[in-house]
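The transmembrane segment annotation in TrEMBL covers A:12-31, A:99-122, A:134-155, A:175-193, A:233-255, A:275-301. According to TrEMBL, the domain 'ABC transmembrane type-1' annotation covers A:95-298.
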């Protein structure tokens, strides 16, 4: 186990440098005159150039710049966006609402997925199973760009059931509609995996043994089948967090939620390189850490899995 | 009836050995979902190749006087906020969406095929290296990478961004295909017929292309079918975010993005491109599902 964790951590370091390097290169390499790009159309004096260089290290080679950036990142200094705001501060302001949105989406999605998935798996081929399969197919085909504006239009504006936008300190009710939309990204796959693994586990030997012992059907399903069926679902939920963070970019854009995705999108539109690189780096770290935790959890949940 | 030859001929198809693909086709023919998906796909492809078959209106013939006008006067779905015919714009939008989807999927397919085949066949350090590379690409959330890459590639203000979108989706979308190909190759390469071919002195290239590939390709094709749908949705997402198609391009994603702020006053310009987009993606996903079921002998 220990060796496995060490190996995974080393892999994470490699992935982290690979990902940030690529993002950094894409945002900053090959700009003709980075100083001019910083100030726009105004003419630039030599002293101003020197002052900017002291701040941004733009005259250095690309690798040196990247080195400056990574050392800053590792000491918790994300630098400043082109608008002069501290990126660390912007992140601190943007995270809470995104985390709440993502958590709400995960909770909604997994409750629906596990509930409906177990029911569908228990009666494979039944009416409920067929209907849920068709529904998941439709949900799978609905990208967030389609679903978010439509949901906002129908439930936020025309029916008026939910507020069509949300603020930074939005309450649960304000976040419900965006979270529902975000949850659709992952609910279909989670439901299908639950259904498949319940159906498979129902045929397992230990279920037959449990039934033969005379256990109540409720206990067989609720304890024996469910516990084993949820293992792949939990891994999937971990992977889904990355999907949700991606989906949050569009969802937050549509519903005007000033979270991480919203800021990131604005940074891309205004060509704010430092902001984009800072936000993406943090998102990648979060994604990597969550994946590691999920993999370790996997071993804890399923004693058959051993990492050497 | 009295002619024995006639009976023999009639019975011949059922006794002749059928290939896996032949079996799959017989199975597919009986599935309703396959036919629904196939009809949808054909209609959308027709729309992409020959839009004037569906509408005689010009999608760029826009008159502000008709701003947000309702249906009628030849416009099936009414007019959008710039006075363009929504139906015509939606029909013509199919072309770029399909073009992006197909070419991006081809790029992703080629990369995935080569990486999966090489990693699966050679194994050992080649596999370890390529698999770690796949892990790294997968470690960056897709939309984040796509936004940054598309933004970078589409810096030329002259172009309408279609090449940038195709390259972005192709370069980032091959990982699942590669993984599926790799595992299919690993299970195929240990079969007896591959060992026999190797014993006969077949070169690695011949083994890979003539013996392993044909038997490992079906799950790969299923992944590509679904990926086609995902890429069409990906184009819409990137266009919606402002890093995809731009300028005078017509696409469903652009139409959705443009109509969003005006949805309160005119819903049709938002709703119809959304419906067409979702139906197209659905068609490809259903097609992939149906093909997978048909090729999976365990389900028969």
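Just so it is clear, glycine is given a Cβ too, placed from its N, Cα and C backbone atoms.
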Range from A:12-31, A:99-122, A:134-155, A:175-193, A:275-301 with most C-beta pairs under 8 A to the transmembrane segment (A:233-255): A:175-193
For the transmembrane segment (A:175-193), sequence-distant contacts whose Cβ falls under 8 Å of one of its Cβ atoms, 6 or more beyond its ends: 97, 100-102, 104-106, 108-110, 112-114, 116-117, 120, 132-133, 136-137, 139-140, 142, 144, 147-148, 151-152, 155-156, 161-164, 166, 232-233, 236-237, 240, 243-244, 247-248, 251-252, 254-255, 257
Long-range Cβ neighbours of the transmembrane segment (A:99-122) (under 8 Å; 6 or more residues past either end): 128-129, 132-133, 170, 172, 175-176, 178-180, 182-187, 190-199, 202, 221, 226, 229-230, 233, 237, 240-241, 244-245, 248, 251-252, 257, 259
